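Heads up, the thing below is written out as structure tokens.
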Amino acid sequence: MDVFRLADLATQPRFLLPMLFPVMAYLGWRWGGGGRLRNHLLAVLGIDVAGFLLAMALEAQPIDGDLVNVLQGVALLAVAVLMYAVWRWFDWSSLVQGWALVAAVSVLVWLPARTVFTLSGGVIIPTATLLYLATQRRVLAVLLPIPAFRVVVAVTREGFGAVDVLVALSLAAGAVAFVLLGWDSDADSPFAVSLEN
């Protein structure tokens, strides 16, 4: 397997987000999270492993490949929402809460949009989640080459056109803007989004 293919697999949402969940748990603890790091990491790893096993089980089923992608997207959405709820419950920093929420919103945007456009979740989801991190901490801008690489993969390996990629990037930016402008990390409701901000 060539290096390009390995990088492609590592940056696909089904692998990228599970790998980032423990990293985000550590950053949340380091940058303002409360409680013991071990407890958070155990919770993250438990959810992570369960979500990964579910995604792999779905892929192993003898069903249409397109349906597998949708089901994996739903599984990824469930993991992101659960991770957001865990971090919200522990009252961790808005950095990690917002990141999990952006992940969930980007999947929610991708699932219906892919029925209208030929869109790659491999562009929308990494772009949204990593762009959000870059807006929160300048040091995390070093992750932005990853979505740039996903664009290259979408065009050269997956056969997506320029319009498809531009729409995907626009939806990713829209998901980030929606959370940045409308989400309140201090609100009483765990999923509070106020478009009045």
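Glycine is treated like the rest: Cβ placed from N, Cα and C.
The annotation transmembrane segment is assigned in TrEMBL to 12-29 (among others).
What TrEMBL records for 41-58 (among others) is transmembrane segment.
Here TrEMBL flags 70-87 (among others) as transmembrane segment.
Long-range contacts of the transmembrane segment (94-111) within its own chain (CB-CB distance under 8 A, at least 6 residues past either end) are made by residues 13, 17, 24-25, 27-28, 31-33, 70, 73-74, 76-77, 80-81, 83-84, 87-88, 119, 121, 124-125, 127-129, 132-133, 136-137, 171-172, 174-176, 178-180, 183, 185. Per TrEMBL, transmembrane segment is recorded for 94-111 (among others).
Panel annotation: around the transmembrane segment (117-134), residues 11-13, 16-17, 20, 69, 73, 76, 95, 98-99, 102-103, 105-107, 109-110, 140-141, 143-144, 146-147, 150-151, 153-154, 158, 160-161, 164-165, 167-169, 171-173, 175-176, 179-180 of the same chain, lying at least six beyond its termini, place a Cβ under 8 Å from a Cβ of the stretch. Annotated transmembrane segment per TrEMBL: 117-134 (among others), in sequence order.
The transmembrane segment annotation in TrEMBL covers 162-183 (among others).
Residues 14, 18, 21-22, 24-26, 68, 71-72, 75-76, 78-79, 82-83, 86 of the same chain, all 6+ positions outside the transmembrane segment (41-58), place their C-beta atoms under 8 angstroms from a C-beta of that stretch.
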